[in-house]
Amino acid sequence: MINIPDFANASAVQIIFCVLAFITLLTAFLTIYSRNPIHSAIYLVICFFSIAGHYFLLNAQFLAIVHIIVYSGAIMILFLFTIMLMNLNEKKEVHRPRITRLGAIVSFVLISLILIAIFINSKPIVGEYTSTGEDYQSIKVLGKVLLNEYMVPFEFASVLLLVAMIGSVLLSKKEKLEK
Amino acid sequence: MNTLIAIIGLGVLCLLLEIFNLTKAIVPLTIVGLLAVLGLTISEFNSTESYYNDMIVVSKFSTAFSSLFIVLTIFLVSLSHNFYEKHQSKISDYIAIKIFLLSGAVAMVSFGNLAMFFLGIEILSIALYVLAASDRLNLKSNEAGMKYFLMGSFASGIILFGICMIYGAMGSFNVSDIAAMSQSAELPIWFPIGIVLLTIGMLFKVAAVPFHFWAPDVYEGSPTITTALMSTLVKVVAMASLYKLLSVMNADISESFKIVVVVISMASMTVGNIMALRQVNVKRMLAFSGVSHAGFMLMTLLSLSTSAGSLLYYASAYALSGIAAFSVIIYVCKNRDNEDIVNFHGLGKNNPLLAAILTGSLLSMAGIPIFAGFFAKLVLFSDTIESGYLVLVIVAVVNSIISVGYYFKLILAMYTKEPNEERKATPFVIYAVAVVAIVLNIALGLFPSTVLDLLV
Amino acid sequence: MNVSLILIILFVGALVTFLAGDKLASKVALFFGLAAAGCSIVLLNHFNLGENISFISQWISKPNVSFALKADGLSLAMVLLTTVLTAIITFSSFGNDYKNAKSFYALILFMSFAMVGTFLASDGLLYYIFWELSLIPIYFIALVWGNGDVEERRKAVVKFFIYTLAGSLFMLIAFVYLYQKAGSFLIEDLYKVTLSATEQFWIFLAFFLAYAIKIPLIPFHTWQANVYQKAPTVGTMLLSGIMLKMGLYSIIRWQLPITPLAASEYKYIFIAIGIAGVIYGSIVALRQKDLKKLLAYSSLAHVGLIAAGTYTLTLDGLRGAVLQMIAHGFVVVGLFYTAEIIYRRYETRVIAEMGGIRSQTPKFTSMFLILVMASISLPATFNFVGEFTVLYSLSQVNVWFAILGGTTIILGAYYMLRMFQHSMLGETNSKVFADVSMNEGITLVAIIAVLLFFGMYPKPIIDLITPSLEEILNQINRIN
Amino acid sequence: MNTNLSLLLLLAPFLGFLINIFFGKSLGKTVAGIIGTLTVAVSFAVSLYFFGQITASKEPIQIQLFDWIQISNFKVDFGFLLDQLSILWLLFVTGIGSLIHLYSISYMHDDEKMHTFFAYLNLFVFFMITLVIGSNLLVMFIGWEGVGLCSYLLIGFWYKNQEFNDAAKKAFIMNRIGDLGLLIGIFILGMLFNTLDFSTLKIGISGATDLNMYWLSAAAFALFIGACGKSAQIPLYTWLPDAMAGPTPVSALIHAATMVTAGIFMITRMNFLFDLTPDVQSIIAVVGAITALVAATIGLVQNDIKKVLAYSTVSQLGLMFLALGLGAYEVAVFHVITHAFFKACLFLGSGSVIHALGGEQDMRNMGGLKKAMPITFGTMLIASLAISGVPLFSGFFSKDEILLVAFHSNIPLWLIGSIASIMTAFYMFRLMFLTFFKEFRGTAEQKHHLHESPSLITLPLIVLAILATVGGLISLPGNSWLNEYLTPILPKLATAAHHLGTTEYILMAIAVVGGLIGIGLAYAKYIKQDSIPAEDAAITGFSKVLYNKYYVDEFYDAIIVKPINVLSGFFRDTIETSLSSLVFGLGKVTNEISFQGKKLQSGSIGLYLFAFVIGLCAIISYLFLAQ
Amino acid sequence: MNNILNQIGIENYIFLSVILFCIGVFGVLYRRNAIIVFMSIEIMLNAVSLLFVAFSTYHQDAEGQVFVFFSMAVAAAEVAVGLAILVSIFRNVGSITIDNLKNLKG
């Protein structure tokens, strides 16, 4: 069941969670709702930061930092760069036909209701969450896991990035034969 | 594992060759390299091993499918040279992307860890987005790339969500661990949700109804060779990995899930075939035909434990006839701005051999004996009846009948309409690929046991 | 020495014909056609000496499919019909100049190959494969070399193809279902399968659909007349002379013994369908304007009677059906050939545009008349032997069946004689009609000789087919 | 020996057929004619030999050649049975056949296809012999249908005239209706007795104790229908008058003397069956009587000389059936023989007349031929007297026997028969008077060409006239050679008492008087009153009905032929097209769905994703919420 | 060491992620500006990443967090390729409204 946070007796962690969750959802929503792409991008950055906040909350500091670097740093810059490049502003976008918007809202409501209903219906997790006490998320451990057990996927990810790189180049490189 | 490394090495080699200005050598070298890889893979056939903490698990299933993928890639690469005649400067990129795509495909059938699977499917997808949009001055190609990208990323999100739920339930990405744990009674509901989301993501990739909408548009818009790749290699890869995912992670899927599969399978066949009837564009028609074939292949999911051989056979039959068909389409539609049936008028007079090959491949897809497509359907029907879904088989049969309608539309166009232009020279490569593919198809039809019994 | 030899000859023949080039194709095809016919006669001889000329070898392990060719009297009779008619049909086409002749003749031989395979196969799947395979060549023959408006032809041929394929696919389901029960496709194993009444009914129906469309029985015949009309005469001959016999043969070989319960339970209905076809076909034939269409409907009537004979489940019914199948095969080929001969001279198939031919061509008229008489089963022609036996078996079931089925001899005479009268008799036609050429004469004489000889002396064929029919009848009458 | 001879008997005409059909043209007309005649004469000679043999031995000759058709519980041989009945038939078939062949040499000499004509005639004789000597019903059936074929060919001999072809076709189809009946009868007999062989059937039927009367009657009735077709009885008689379209010798041979008697032959053959089924016998008798009367009435007003004779034939056949129905097979046979003589003579005579008039057949355009054609006139007069039942001529004896038998069993039937006889006398002499007496009414040109026919034509006429005169001798009342001869076939004859009492003599007298009245009436009307039949349009009242043959043809046309044709049109235009469009309809519907479906594939990513999401929702909610 | 989930509960993380994910889905469906659609997809991926980390804590296992790296790599690659496609479309059409991409249909 959804635990309505009891703010009176809430611990600091709980309050932080709620605030972060609120910010995350709000900015995510605003990202979509905002009509100016630049605004959207800024909201998205805030959203990413709040997610990083969640990571911090969960004590995954390394991941949080990487997240900020990758998303807020790299990806968002890419977005902004593109937006600037295309010189977009909000006037260009016209409202979608009502039927499409209605469809979007319907499917949004449907999917969220269904997913939430399923999780609510499912057996709640009872009992204490285990805590082994072992270190499992420090940089050291992550590094070991990533470069020992997950060495192959790690290397394979490089292929992924290589493909993305070749692909992006392919799609934007001018050919010699082209006029 | 060796296969994977070799393929990636080959991809890098392609890139290097361009640096050394050896563009001419790329295609032949790649083909030779792929043949070597094929040999390597086949030599590993009977050795079941796992590598690097179960990241890659080589089994009969994986080697058999990997070999099929490699064979298909050889065909596709062979066709590339001709197709990219005017883009010689980029050919290394194209070939390299295809090789990397192959590596993703191989990873998708030989994964032992969901991370490998995820990365494999992403490599495959991203490579495909690029290839679909690769004719970048062509608006259709752009649109195809964009549509595929948007929907594909969406599906990726779903797949990722599914993996996440599985991880939440099991605490591991290792499929053998997951399989072991899936036998225990107390499972959080996250696991089945994860499986279902994963399956839906994969259904998108195989273009099953109602997740098929992208397929016709993307097939039509993409450069023909990419369409060939999508409709043969990628479809087969997606299907094989879906099969593998479901069979590896939990041995028996629930009855209600089977019902879902049955419904989707029926819907795919029916929608695919009916929609294909009125198509004018051949690629689009084959896209819908592919949707219906996806429906057929989904039937294997109903008898997971026994139907690996059937799937392999169906996949081979379908993909080989697809290759043959597309090589003819590439020939016919070269230098045309569309792939309408009009272009095929009179092919029977202009180029009887290619017309015969296209006819053969269409007949194979329609499931006419002695082509492999017939046995493919037969074993599927047999398996499905055995598992008790007679109704599904009847729907499948009705669909086979409908499918004849559009396959024959093309055949009719070739043989009864007057040609609208002079015949042009046919490159040797196209002949070779088409002939070899159709001969392989017929050989499979004559000796089905060779493939059917591989995965027993 | 075994029956696969015939298949090999025909298949190699098809290949060689294709490679021989347009000029030689017809002769090469005739050579192989004759070789196959000769081979089947030699094999028949071996068979009569008691040698085992069957052939079986494992083909696919899972599903369990064998390449099994079993030659018993019934199969051999049908093979003989096929090979001899193929040779005759090939020869009959000599007067015509076909475009892309090498493909044309190769397709004829290939079709013959598939049909022989259908008649010989004793493995359900193999049988099905040959069955389907025979569809492809005729499709192309009708499509590419057919006559009339292209659009119309395309419509007719595609309808034919889809229709027949639809029927046979249901048969495939039945086979697969049976396979699940039997674990093998071999006919012996399929005979052994025990099926409940419901299962038998559905399997029977699935088979029936395939055969009713192929034969065709009413109301599944709508493809027939159009295709017969549009196809080149060679194609029509192949279709009507041999291919529709595949359906009738299959009833005897596959449908009845596999589902005996259903067969005996519902036989009245199916006899009635057959007989309805007789009457319906005859009546529709009355007012056909196109010669080939008229012959098509006459064929519909005849096969209706044959089918009714098979469903009597009596030895007479089966035997009469087989005799009539062979006889009808020859006579219908002959009749379509006469249509072709007229077409070669007058370039029309419309009966009203003919007439007054007799006075110009006594020889042709005589032969045509003999064929007409044979087709309305005048005694002393082969057709009479078959028709008599079939009608006799029908009367054993119920005399009314015989009476209703027997209307064919009245109505048949009516439409055939009317056709003969308006196409051949009357004031001399102003257009010159050259008498039959050497080739045409030989073809027709060969057919007529067969019809008359076996009309008087059918014993060899009766002796050939009877033991195998008795065996099948035992299967039908087995106690489940 | 017997086998070879019987084959010679059978195959000689067939040989003639083959020679004439293949080489006739090169042989020349006369040679073709001679070959045709000789081959039949050979058969006649062989028949005579067999006749001698059988009168001596009294043993039927059975010949088996080979197995023909195999049925599950019996097999049908191809064999011959030469017994008294078949040899009797053989004699007059081949005998009259030879005469008519001879006649035809001259008659057909002007026809360019004379060799074909002889080929067909030979073929006919061949089939007729097969019919007669077949040892079982099926071999008989070969001949039965074979003569039908020849009849078809010969009626339509002048095939350029489509009306003649129509007549030929009609004859064939009418016969086929009967043939179906015959076949059904054969089936039932085969089913009941497991044989079709005459001799075994006879043993089977007479020996059996528990016969199924229902099926037996059905078989007999079915056989009778067959006989109706071939022997032109009501309701299947209309083909015979039309069959006069053929050359006159054909009418004489096939449609008067031989083929049409096949029905009587068959019923006599199967007498052991019919004797057991009195119901069917009465039907036969009634049908025969009515046919006799109806045909006679129609004959009264016909103007075509051959039509008169044709209806006369039908009427006489009716009388024979009357006899058959009353169980007096020997009488029927007797009348068959005498009828063959005088009717052949009449037809040939009329042929001679037609020949002389250059093809004119309408009696209104004849007259006064007596002087020009004395032989023809004389022979025809004899034949007419015979058919009218004037004493001492053959017809008197045979017809009288029939009436006698009828009187003994059923007075109304006798009455009908007698009236028919009177009418016969009337119309025959009407024919004679109109043709030979008074003045010639034809064109001047015809008159100029009038001549007696050549000797090849008159010779057969004379022979037949003699036979028509003395033919009655074979079965004189009270001392019948024929009855004695037929006793092995008709066992009842041995026990039947043949005495001539007062009743018989009175009846005889009545018949003679009746015949004379008929002649007298004709004389009164056509000689005294000098009347000539009116033009077609002027015929009114009942005679118009008669002249138009009771409108039976129109009636059949309206209730059978037209409906079938309409039905055919309906099937062709409506049922066929709708069945066809039903099948196409399925395709069209699918295509239409496809067409509408294309709109769904609108190209909008939003829609695609929407479908994706909805699909996802549906699956998930089905799997996790609905359970 | 205290498991932080004891205070918040894994369910809440699931709900948060699900809602975030659904907002992403909504964005993809709702917006027609391709860039915003891309951003929505990023939101979806991030929602999943968040859940990964939560589950990682739940299981006290590092693999979940490692997987997030891969997911980041994928996200980066996708964005790169996606934007490349977008740029090429923009060059051809001059607009990035995905509703204009309706040439392929039927």
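Positions of Cβ are set from backbone N, Cα and C atoms, glycine also.
For the ranges B:89-109, B:257-277, the feature annotated in TrEMBL as transmembrane segment maps to B:257-277. Below 8 A, the CB atoms of the transmembrane segment (B:115-134) and the transmembrane segment (B:61-79) form no more than two pairs separated by six or more positions in the chain, fewer than 3 in all.
In this chain, the transmembrane segment (B:311-332) lies close to the transmembrane segment (B:61-79): three or more C-beta pairs between them fall below 8 angstroms, excluding pairs fewer than 6 positions apart. Most Cβ pairs under 8 A with the transmembrane segment (B:225-245) among the ranges B:189-213, B:353-376, B:428-447 are made by B:189-213.
Long-range contacts of the transmembrane segment (B:428-447) within its own chain (CB-CB distance under 8 A, at least 6 residues past either end) are made by residues 75, 78-79, 81-82, 313, 316-317, 320-321, 323-324, 327-328, 330-331, 353-354, 357, 360-361, 364, 369-375. When Cβ-Cβ distances below 8 Å are used as the criterion, the transmembrane segment (B:189-213) is approached by residues 121, 125, 151-152, 155-156, 158-159, 161-170, 182, 234-235, 238-239, 241-242, 245-246, 249-250, 253-254, 257, 264-265, 267-268, 270-272, 287, 290-291, 294-295, 297-298 of the same chain, each at least six residues removed from its ends. Sequence-distant contacts of the transmembrane segment (B:353-376) (same chain, six or more residues past either end, CB-CB distance under 8 Å): 289, 293, 296, 310, 313-314, 316-318, 320-322, 324-325, 327-329, 331-332, 344, 347, 400, 403-404, 407-408, 410-411, 414-415, 426, 430-431, 434-435, 437-438, 441-442, 444-446, 448, 452. For the transmembrane segment (B:257-277), the list of distant contacts is 196, 203, 207-210, 212, 216, 285, 288-296, 298-299, 301-302, 389, 391-392, 395-396, 399, 402-403, 405-406, 409: same-chain residues at least six beyond its ends, Cβ to Cβ under 8 Å.
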